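Notes for the one structure printed next.
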Amino acid sequence: MKQFLGAFHLKTIISLITIWLLIILGVYLRTNQADVFPADNNDDSLFYTWAGITFWDNPFKLASHSIFEADNPALIWRSQYKDFIPWERFGLKITQPWLDHPPLGTAIIGLPAKLLGYPAFAQIPTLIVRFSALAAGIFTLLFTYIIGARLFGAKIGRLSLLFLATTPYFVAAHRQAFLENILTPLFLASLIALLNKKLILAAILAGLCGWVKAPGFSVPFMIAFWLWRQKQIKPAVKFFLTGTASILAYFGYGLLAGKDAFFYMLQQQGVRGAYVSSFFDTLTMPHFYGGFDDGLYILSIIFSLLMLTKFKKNNFRFFNWFLSLWLITIFLVAGRNNNSPWYWYPLIPFFSISLGYYVNQALNSNNLFLILPFWLFGLTGFDLLKIDVPSAWLRLATIVFFTPYVLNLKKITYWLTRIFLLS
């Protein structure tokens, strides 16, 4: 018995060390040259920081750059940068109150700059702008492991964490100070609380999601409908009420901050079309501000859609429910031709878990059909590293690699599968 307990404790210690080493690896990859790539390219991160700084000065008088200009009652200042060069032209439109988004996410993004004494509308170093997103990434790494392990077992949880920590697209995405990167760990935390049956905590966390970015207002209703389908009617009603109260509170905030500006913003946001063509854009042209051909990112989306075919067990139903409803939310709010990749960021943990699940399947089966997608999509890493592999070498490597699978040489494929997937 003592030997069994000793082995159990040793296994637990090794598992914990592995988890935290993977988290540290993920943090290192995210922070290393985080101010270099993705290039800011006038993205919204600095504008969120300005809004956050002004929030801490007065939470009802946020001010920042707005994408909306025509007939905007909140517009207080306008300028043009390089107006005489069309392809470099950039217009700065400052509004107060700034109500393009709910205030919580911008308050978090702007807090480091505020604490360091930066005023609004200053040029702020990119690392300071991105600090909150990098910190949020730590929680996203940890919470993704917890959900993956809780639903599918510790091994798949570790594999999910490995892919989240190292997949190039996921690493680069988590460097950006976008509201979705603040929303994601909050959303995951609400799901963990739900899995642990801590419904009050789950309701509080879910209710805050919409205050980071408007699509987050759907989170309490996602949970409510899930509980309703599980015949937990009273808890479901409480989440319906939580979601409704959160939306009403935001409306109250908007009216206090500036009624005319608030209704103007609702009108502008409401004219967006449904999300159609941008779905194909994400699948066929992964990008930030230029192409980023990470095949594992595309494969993770494909595998997550394959997960939707598994619905007999409750763990798959839970996973697929929130994956599906977030996809529907994106469809409703992102806009027909809006190809901005950050709308997908809250789904990155689901993509990572899907990769972890199917890698585990490949490790257990040594199956040609499971290993082939990783070969076809994973080799795009050479392009990201700017390594030009001669075609003849690649053809030869493909023939040599897959011959044991075709001949069903199980001992060889056992090791080939592990060496390839772990590399």
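The backbone N, Cα and C atoms fix where each Cβ goes, and this holds for glycine too.
Residues 134, 137-138, 141-142, 145, 154, 158, 161-162, 164-166, 171 of the same chain lie 6 or more positions beyond the ends of the transmembrane segment (12-29) yet place their CB under 8 Å from a CB of it. Taken from TrEMBL, the feature transmembrane segment covers 12-29 (among others).
TrEMBL lists 100-248 with the feature domain 'Glycosyltransferase RgtA/B/C/D-like'.
Under 8 Å from some Cβ of the transmembrane segment (127-147) lie the Cβ atoms of residues 19, 22-23, 26-27, 30-31, 34-35, 40, 45-46, 49, 108-109, 111-113, 116, 118, 157-158, 160-161, 164-165, 174-178, 181-182, 184-185, 188-189, 191-192, 195, 348-349, 352-353, all in the same chain and six or more residues away from its ends. Annotated transmembrane segment per TrEMBL: 127-147 (among others), in sequence order.
Proximity of distant same-chain residues to the transmembrane segment (159-179), defined by a Cβ-Cβ separation under 8 Å and at least 6 residues beyond the stretch ends, is recorded for 19, 22-23, 25-26, 29-30, 34, 37-38, 43-45, 48-49, 101, 105-106, 109, 129-134, 136-137, 140-141, 144-145, 148, 212-213, 286, 288, 292, 294, 296-297, 300, 341-342, 345, 348-349, 351-353, 355-357, 359-360, 381, 384. The feature transmembrane segment is assigned by TrEMBL to 159-179 (among others).
Summarising the annotation, TrEMBL assigns transmembrane segment to 199-227 (among others).
Per TrEMBL, transmembrane segment is recorded for 239-256 (among others).
If you look up TrEMBL, you'll see 295-311 (among others) marked as transmembrane segment.
Per TrEMBL, transmembrane segment is recorded for 318-336 (among others).
For 342-360 (among others), the entry in TrEMBL reads transmembrane segment.
Summarising the annotation, TrEMBL assigns transmembrane segment to 367-385 (among others).
Feature annotation from TrEMBL assigns transmembrane segment to 391-409 (among others). Same-chain residues lying 6+ beyond the ends of the transmembrane segment (391-409) with a Cβ under 8 Å from its Cβ atoms: 366, 368, 371-372, 375, 379, 416, 420.
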Work out, from DSSP, the number of helix, strand and coil residues along the domain 'Glycosyltransferase RgtA/B/C/D-like' (100-248).
-> 119 helix, 0 strand, 30 coil
Near the transmembrane segment (199-227), which residues from the same chain, at least 6 beyond its ends, have a CB less than 8 A from one of its CBs?
-> 101-105, 108, 179-180, 182-183, 186-187, 189-191, 193, 233, 235-240, 242-243, 245-247, 250, 269, 318, 321-322, 325-326, 329-330, 333, 343, 346
Beyond a gap of at least 6 residues from its ends, the CB atoms lying under 8 Å from the transmembrane segment (342-360) belong to 140, 143-144, 147-148, 151-152, 155-164, 167, 170, 173-174, 176, 178, 180-181, 183-184, 187-188, 215, 275, 278, 282, 296-297, 299-301, 303-304, 306-307, 319, 322-323, 326-327, 330, 333-334, 370, 373-374, 421
